[in-house]
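Chemist: Marked as domain 'Amino acid transporter transmembrane' by TrEMBL: B:81-192, B:251-515. Taken from TrEMBL, the feature transmembrane segment applies to B:83-103, B:109-129, B:162-182, B:245-264, B:276-299, B:319-341, B:353-374, B:402-423, B:435-460, B:466-489, B:501-521.
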């Protein structure tokens, strides 16, 4: 049997994983909010990103004994070929001890089955904490988690779906999964300077998380990445209702021209030109030529999770 | 000052400046996107209250009544406690009419003056209550953004809209004319005081006067003169030249043009709204001044019921409509009361707070009016001497009134551009659809308004007269007719009209009409 490399999204039942997945991957949630049972992702989710990474959700530590047993007996299968473990903690949880206990058992399983996995901990639902206490509480949790995770290393983020922290956390995670990201950035900068663009962004294809970007002057809106991502994901949802798939977009006015297009097999590119007199065709040709160059880059270092390399 | 605009919140509606913060815009996109991820019945990704940004209310109020709310909130009204609301209403209502109340009491007679102040206060309060209720009684429509002129438009259609505009303009332009006359007066007196002080001229007015009060009209029998007849010791030729170049009705009104006309042309007078506090300070100082003077002068009252004598006026006089005219404008707030009450934290206290505010306003007017009237030194001087602007009864070297005039001068200079802005916004938006169509339109309008002010200051500087005419006119519409008519119509539509209600409100309308007619007849 074939086991694709996976990203595990784990956490207690009700910690917000399904909402998170839905938001990041633009998945339609068609379910009742008061779930009567835990999420049992028996069939692998069809969410793929960054090549052939598969995202799998598991509820960890539910009350359901059936879940417990299933979890224990299937442990080796669940934790095999894990590239990334993302563990979600609900900051409002009243059972910290238990949460840590389940977290540690997951870590044990990881150590046994996929010791090279990267570990990320998300302290989620931070909007429920008072603003002046957020840093304090997060620092506490982070210390505890780092301590408990030894010998493995974990990176912690504080997140909430109601501000930009979720998007930033996932962008950082994805950023760390790209094998040759520095080289990518350098090439992106060269590309941008050659075509005289104001800003060039590289998005991950499925999630529109920003992998890298180059800007040649200060931009006013710091939230623009998340906004663009949300806008395009919303547009993709609309397109899918018509059984159409989003491929590319050009936006123009008297002040600028922006192009969003498929780039490599894993990425989308967005090019912002502040000189609207440059004809679209010119920029599109430039993008097309750059595409070939970047594809080569991606293949050379070979994402180790690509099917072709096995 | 019949109009009041929230201090922090005057912005130019044609400005392209960013109204929404980046965070709010990002949140907006987030909420849009999340709402697409679930079915409409699923409440999974609905934004909880604590993440939504505080409703940033940018609110532009125009008395014709478009109230712009950039981020409207249908519930959770305002953050103002009752005290603040009461204070705001008091502050808005307290206008320059306070200067004419003693004269009004004199015109009506002492006893009838007091009774009339109380009665008019109650009547206008009731009509104000009707105005506030009228917004709520409209079925099926969301009227949370409506001001009273919107309600008029709803009931009376286009006629309602245009007539509201007309009457609004009457009160606004009337106020601006009164301001111009008063500002010329105050500027003149201030300049004269400073000149006399600097050149060390000892001035004794040759008009009947005693103990710090003078009777300017007694000398020539008609309204305060341009030139004062006085003895002066000092440099005479310089003084004559000064008198020629600094004359209350001939030159000073024109000097004001240089200062105020440019200010009127500004697109957004929000800067001036910061000086709101000067109004309160002026009124408080006036009360203080009145108290001090009254203590110094003592009480001089004599009760002659229907006939007067040389020094005293009868208790009941036929000229009492002049007082009611002044009081209509003095108690006028009907075109912006809905707005002011909207920000009250506890909406159920609206009626109570409004009544308290009216009570306090009435008390202030009553106090000032009665004190000045009672302490006016009547054995040597006649009560008829009380001027339409009671500050004119103080000689030009009186320090306390000099200070009062300076306060009032500055305060009026800061409110004048605001009034001009409101008039401009209403008029130009109604006719041209745009509050600032071009500098040419705006300049023409401003020159017209300023010209009217200058002309009045030159030929008819009787603020009591101007106040009572404009008060009775716009009061007819906004205080008496519209609220009553709207109440009767809404009752009729709901099938709840009773004979007593109909008769009472028709009586109110007739009273308003009589008020207006009497101004011209008496």
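Note: Cβ is positioned from N, Cα and C throughout, glycine not excepted.
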Chemist: With a Cβ cut-off under 8 Å, give me the same-chain residues at least six positions beyond the ends of the transmembrane segment (B:402-423) that come close to it.
Modeler: 1, 3, 5, 10, 62-63, 96, 169, 172-173, 175-176, 179-180, 182-183, 185-187, 189-190, 193, 259-260, 263-264, 266, 268-269, 272-273, 275, 278-279, 281-282, 285-286, 289, 391, 445-446, 449
Chemist: Going through B:109-129, B:319-341, B:353-374, B:435-460 one by one, which has the most CB pairs that fall under 8 Å from the transmembrane segment (B:466-489)?
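Modeler: The stretch I would name here is B:319-341.
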Chemist: Restricting to CB pairs under 8 Å, which listed stretch, B:109-129, B:245-264, B:276-299, B:319-341, B:353-374, is in contact most with the transmembrane segment (B:162-182)?
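Modeler: Between the candidates B:109-129, B:245-264, B:276-299, B:319-341, B:353-374, the best contact partner of the transmembrane segment (B:162-182) is B:319-341.
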Chemist: Pairs 6 or more apart in sequence, C-beta under 8 angstroms, 3 or more of them: is that satisfied by the transmembrane segment (B:83-103) and the transmembrane segment (B:435-460)?
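Modeler: Output no: the transmembrane segment (B:83-103) is apart from the transmembrane segment (B:435-460).
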Chemist: Taking a Cβ cut-off under 8 Å, which residues six or more beyond the ends of the transmembrane segment (B:245-264) line up next to it in the same chain?
Modeler: 180, 183-185, 187-188, 191-192, 195, 224-227, 272, 413, 416-417, 420, 424, 446-447, 449-450, 453-454, 457-459, 461
Chemist: Same chain, outside the transmembrane segment (B:353-374) by at least 6, Cβ under 8 Å from its Cβ: which residues?
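Modeler: Sequence-distant neighbours of the transmembrane segment (B:353-374): 82, 85-86, 89-90, 93-94, 97-98, 101-102, 104-106, 110, 113-114, 117-118, 121, 124-125, 128-129, 132, 283, 286-287, 290-291, 293-294, 299-301, 327, 330-331, 337, 341, 344, 383, 386, 390.
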Chemist: Sort out the residues at least 6 away from either end of the transmembrane segment (B:319-341), same chain, that have Cβ-Cβ distances under 8 Å to it, and list them.
Modeler: 2-4, 61, 63, 65, 67, 85, 88-89, 92-93, 95, 97-98, 100-101, 103-105, 107-109, 112-113, 116-117, 120-121, 124-125, 127-128, 131-132, 135, 146-149, 168, 171, 174, 347, 350, 353-354, 358, 361-362, 365, 464, 467-472, 474-475, 478-479, 483, 514-515, 518-519, 522
